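Everything on this sheet refers to the single structure shown next.
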Amino acid sequence: MPQLSTRHLLGIKDLTQTDIQLILETATQFKEVINRPIKKVPSLRDITIANVFFENSTRTRLSFELAEKRLSADVVNFSASGSSVKKGETLLDTVNNILAMKVDMIVMRHSSPGAPHYLASRIPANVINAGDGTHEHPTQALLDSFSMREKLGNLAGKRIAIIGDITHSRVALSNIFCLQKQGADVMVCGPTTLIPKHMAALGVRIGHDVREALAWCDVANVLRIQLERQQIKYFPSLREYSLYYGISRQMLDELDRPIVLMHPGPINRGVELTSDAADSPHSIILDQVENGVAVRMAVLYLLAQEK
Amino acid sequence: MPQLSTRHLLGIKDLTQTDIQLILETATQFKEVINRPIKKVPSLRDITIANVFFENSTRTRLSFELAEKRLSADVVNFSASGSSVKKGETLLDTVNNILAMKVDMIVMRHSSPGAPHYLASRIPANVINAGDGTHEHPTQALLDSFSMREKLGNLAGKRIAIIGDITHSRVALSNIFCLQKQGADVMVCGPTTLIPKHMAALGVRIGHDVREALAWCDVANVLRIQLERQQIKYFPSLREYSLYYGISRQMLDELDRPIVLMHPGPINRGVELTSDAADSPHSIILDQVENGVAVRMAVLYLLAQEK
Amino acid sequence: MPQLSTRHLLGIKDLTQTDIQLILETATQFKEVINRPIKKVPSLRDITIANVFFENSTRTRLSFELAEKRLSADVVNFSASGSSVKKGETLLDTVNNILAMKVDMIVMRHSSPGAPHYLASRIPANVINAGDGTHEHPTQALLDSFSMREKLGNLAGKRIAIIGDITHSRVALSNIFCLQKQGADVMVCGPTTLIPKHMAALGVRIGHDVREALAWCDVANVLRIQLERQQIKYFPSLREYSLYYGISRQMLDELDRPIVLMHPGPINRGVELTSDAADSPHSIILDQVENGVAVRMAVLYLLAQEK
């Protein structure tokens, strides 16, 4: 049986092309499973998985939890609120405690970039990064690639524009790595203040005009403006952001070639996308969510073989 | 096999008499199940249910969760706190995301009247209303009827007094619909300020004297004063409310006919009921809680047939 | 089959020596189970357990939850936040409601000493005390004894020093009872302000010099300074506490006999223990955590026979 080159999923940066290929192909099989009337397989029946979320999350935690339950794993949830983290315990002590209870895999979200890497080098369980600060969010990038491939086939040579707040987005960085490893041509597009300087070194195109980006690309992956992080200082006003970078259905319909519209959610309707764009036939936003469960099942299943 | 006329349980208003009959009879069978040493049945083994609570709840959420687990469904819980709702996502987007993860049924509590109806018309999953603002709380009314029938048999012609804060109660409205459809004679009784004007149009008796109500009725369903909603403005003081509308064991013992005492919980002991009333042989308050699990199993089981 | 003398685990005070023996021997078998590739047994397949935590907890709640799931019980979690406790319901009403939903066992943490005893005398379910205020924490003492016995064998005549904040510790009291019933010689050691007067009446040695305690004992069970309870008033400063009562690896290495270092967690590294002490070969801190799951499985399993 083909195997991953790693026993953790910390970031896309560490994956080989073959790893990505294997995960996406395995996910195809799990997507069939979750669309059958009987959505469950006994693959991880004797595996205990802890979802350790030091940052709040709805969709990612729920998606992992469903993936785990459909693989028949035993699941425990741990969130930072109400936990011993508040009592001054170190991250390593917290996780070692969970592991001493014989947990086999840890799915972790943490606000510090590198937190899952730090752990993975110190503990025997498989670690899956469910988002570390503004660094990586590898399962999001994998589900995004899976969703693009469903529409476009092989991504080599395809043009992907990542549009919006690149600076604060772990989704952007993981997507860039994932797409480049598959041979895609990547552009990041946003206001100068929201595109970090190191982007140039990554070999991506850099744009500031959303209409030019849309005219160029096969896929527009539109990032969320994280209102709750008060990034208002990076642009004059939400209204102005929306005026210059918001995407409407009309802008998509007027293009002279088909375009695929993506968004990692949750959408701010009326800010980065108008409602009619989000709900248009160009959009595969809900496919992304569905594929997220299949891709996470694939990752958990493959890592469980790598003890 | 008999079937419901609907694929959602949004309110009692939409149910036929036959629907109510079918749910209550099915619940009788599930009550037997949960009183066996083996309390579980495999009926919903391949069904995933999401409990989506936008308002806090203990007993209702727990009752649904136990009902779901005893039917062998896979259960995920989602609460508004710590969720993307706080990130500005719309209700429909939140629920569509959950559905895209292949959830079959949604049990939802929401502070806005009509929220489950809005969803039910837009999504493919079965929707069960677990309380929408001050509108309906259909499973509470069904478990109340189930509990009354256990004591009194057929409810046609029986006299039910609903006592207390009618204005802010979704329990009152659902009970009125449920009881009237079964041919019962319903009175609402409370201070003028806590009985909404539209009650007259519903064809219920209206009373303001709790002793008269008790003398008249077969069942007194006493509602909770929702202290946490600071309704103190509707009556001069808690002490005064208790003096005029509080029910003691002595008041029940002195009646010249048997009476059944009910309360949806949680009880404010010493406010709407004295402790000796709540714990008296007249009270079936804990039977209501037990029956809640059986009735919810029946609702979930029947709706799962209606894809 | 041997049986416990009780149907609840409220405190170590109520257990006989035979009870303690039986729990620890049963835990040995469950420790084997959780170290097998297949960590689950079907023992409690038809039992529903509610974890009712009125105080926040991570490790204890997680340890119980894993123990329950590995016994194949159905598990529901209930925490005080967002619950009807905030709506003014009494403890007994809250628990009676949970029981009416056919819950067989209640694991309860509560800030009031005696809360589980109060309940156990009034409800039909088995009650397990997971910590009641500063009173008892019986499963912690049992897992501590289990861990000591793994290192030292029979505890009769062994010397155990409990070091630190004895006043605010339920772990200390349960350990004293548990160790004395097994014939161990117990010392409590800490600043005068953190050793309650009633210790003398319990027949334990009392010390104030941590170096003398370490020189005397076979096991040092070091308690946590509960920073979050702002006990700073009991000693001049954390730095001073650490200077007089903090334990370093050097202090342990320099002893002329082997010593076992324990801590119930979470550790304040640099306060009661230096990092090199906590991570030294003397330390069995992570064994304690692992054994916690096995001991709790044993307690749940044995009590489930006592309906």
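Yeah, the Cβs are placed from backbone N, Cα and C, and that goes for glycine too.
TrEMBL labels come from automatic prediction, so no person has curated them.
Note that the structure is predicted; figures quoted are calculated from it, not measured.
Binding site for carbamoyl phosphate per TrEMBL: A:Arg59, A:Thr60, A:His137, A:Gln140, A:Gly265, A:Pro266, plus A:Arg109 from the candidate set A:Arg36, A:Arg109, A:Arg239.
Each residue in A:Ser57, A:Ser63, A:Gly131, A:Val171, A:Pro264 lies on the same chain as A:Arg59, A:Thr60, A:Arg109, A:His137, A:Gln140, A:Gly265, A:Pro266 and has a C-beta within 8 Å of the C-beta centroid of that carbamoyl phosphate site, without being one of the site residues. Across the structure, A:Arg170 (L-aspartate binding site) and A:Gly265 (carbamoyl phosphate binding site) place their CA atoms 13 angstrom apart. Other Cβ atoms within 10 Å of the Cβ of A:Arg109 (carbamoyl phosphate binding site), summed over all protein chains shown, number 26. A sphere of 10 angstroms centred on the C-beta of A:Pro266 (carbamoyl phosphate binding site) encloses 20 other C-beta atoms. In this structure the alpha carbons, written CA, of A:Arg59 (carbamoyl phosphate binding site) and A:Arg224 (L-aspartate binding site) are 14 Å apart. Chain B comes within the C-beta cut-off of under 8 angstroms for the following of the binding-site residues A:Arg59, A:Gln140, A:Gly265: A:Arg59, A:Gly265. The Cβ neighbour count for A:His137 (carbamoyl phosphate binding site), using a 10 Å radius and every protein chain shown, is 27. Listed binding-site residues: A:Thr60, A:Gln140; maximum Cβ neighbour count within 10 Å falls on A:Gln140. Around A:Gly265 (carbamoyl phosphate binding site), the same-chain residues six or more apart in sequence whose CB sits under 8 Å from its CB are A:Arg59, A:Arg224, A:Ile285, A:Gln288, A:Val289, listed in sequence order.
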